[in-house]
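Q: So TrEMBL says this about it:
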DOMAIN    2-136  domain 'EamA'
DOMAIN    151-282  domain 'EamA'
TRANSMEM  34-51  transmembrane segment
TRANSMEM  63-81  transmembrane segment
TRANSMEM  87-112  transmembrane segment
TRANSMEM  119-137  transmembrane segment
TRANSMEM  149-169  transmembrane segment
TRANSMEM  181-199  transmembrane segment
TRANSMEM  211-231  transmembrane segment
TRANSMEM  243-261  transmembrane segment
TRANSMEM  267-285  transmembrane segment
Amino acid sequence: MKSVIFPLLAVLIWSINAVVNKAATSVIDPAAISFYRWFLAFLLMTPFLLVPVWHHRKTVKQYWWKLFILGALGMGLYQSLAYYAAYYVTATFMGILNSLIPLLTVIISIFVLRVVPTVGIALGTILSISGLVWLVSHGDPSQLLSQGLGRGELMMFIASTAYAFYGVLTKRWSIPLPNWQSLYVQIGFGVLLLIPNFLTAESIALTKDNVGLVIFAGVGASILAPYLWILGVMKLGANTTSIFMNLIPLFTAMIAVAVLGEEMHSYHFIGGGVILLGIFLVQKLRAPLNFRRQSVTKKADCQQEM
């Protein structure tokens, strides 16, 4: 049971980070905190990883473009969009949208990794999309037809999709580098990609009001949480550990209400609940959808009758 504490603390830190994203909107430019976060993480990891990465420089050189793409998706696009989205949506909404990442990962895996579709994936996708529509429309789906998707909602969906691609490509490419060394190089590329936007930001000053947020994002969310998550995977296995991701919306909502004073509405509970139910079905209903096999069987039966 002690092993449960690792993924539990990891999702708690990531949940707090969603609240940090929202809190940062009033004290620091999104481009600035995006850069500072990963630059700080890169600096802190350098004493431990620079020499090992140098020893594997041939591997890094061979796979640099894949590491570059992963850095762009995971460190550049995903978190940057989340910081910008925080201007338009609540931390609670961000937490719920992040819970879609496992489902999006499974859907993308069907096409990229040739994962066999399951009953859970089919039902879970339908339910999660329904819950998402209910959530985004604030309980009035007709609103989407008349007003369309909001800027913040679209940013968060793109961000979640980018991170889902990050997870799928990480598995498909299986770059022959130790996990932390691979992450270190990806962060390095991410920092380089974030520099242009950082240099054009209106306010990049670190102050007493924002430095704590930067430190939490750079240390807690970027280093400590992944470390705890990896420990959880090692102790409990990937499938069991992944279930803890479902707690992020709950933790985020509780923290956002307590710290930011956000209000919870019925559409949060209904939409978020339906989304989580869909994700639960994806994880539990693993019977494959054998459309092709069923079609062949029916065709053979028809031929026998003739």
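In case you wondered, yes, glycine gets a Cβ from its N, Cα and C as well.
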Q: Please identify the stretch among 34-51, 87-112, 119-137, 243-261, 267-285 with the greatest number of Cβ pairs below 8 Å relative to the transmembrane segment (63-81).
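A: Answer is 34-51, with the largest number of Cβ pairs below 8 Å.
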Q: Quick check: do the transmembrane segment (149-169) and the transmembrane segment (87-112) share at least 3 Cβ pairs under 8 Å, counting only pairs 6+ apart in sequence?
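A: These two stretches do touch.
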Q: Which of 87-112, 119-137, 211-231, 267-285 shares the most C-beta pairs under 8 angstroms with the transmembrane segment (34-51)?
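A: Selected stretch: 211-231, with the most Cβ pairs under 8 Å.
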Q: What are the DSSP helix/strand/coil residue counts across the domain 'EamA' (151-282)?
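A: Here the numbers are 110 helix, 0 strand, 22 coil.
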Q: Contact between the transmembrane segment (181-199) and the transmembrane segment (87-112) is defined here as three or more C-beta pairs under 8 Å separated by at least 6 residues; is that satisfied?
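A: Contact between the transmembrane segment (181-199) and the transmembrane segment (87-112): absent, because fewer than 3 Cβ pairs are under 8 Å.
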Q: Out of 119-137, 211-231, 267-285, what stretch is closest in contact terms to the transmembrane segment (243-261), meaning most Cβ pairs under 8 angstroms?
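A: Checked against 119-137, 211-231, 267-285; highest Cβ contact count belongs to 267-285.
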Q: Note the mean pLDDT of the domain 'EamA' (2-136), expressed as a whole number.
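A: Summarising the domain 'EamA' (2-136) by its mean pLDDT gives 92.
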Q: Using a Cβ cut-off of under 8 Å, list the residues of the same chain at least 6 residues beyond the transmembrane segment (211-231) that approach it.
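A: Result: 3, 6-7, 9-10, 13-14, 16-17, 20, 23-24, 27-28, 33, 36-41, 44-45, 179, 183, 187, 241.
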Q: From the DSSP assignment alone, can you count helix, strand and coil residues within the domain 'EamA' (2-136)?
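A: For that range the per-state counts are 115 helix, 1 strand, 19 coil.
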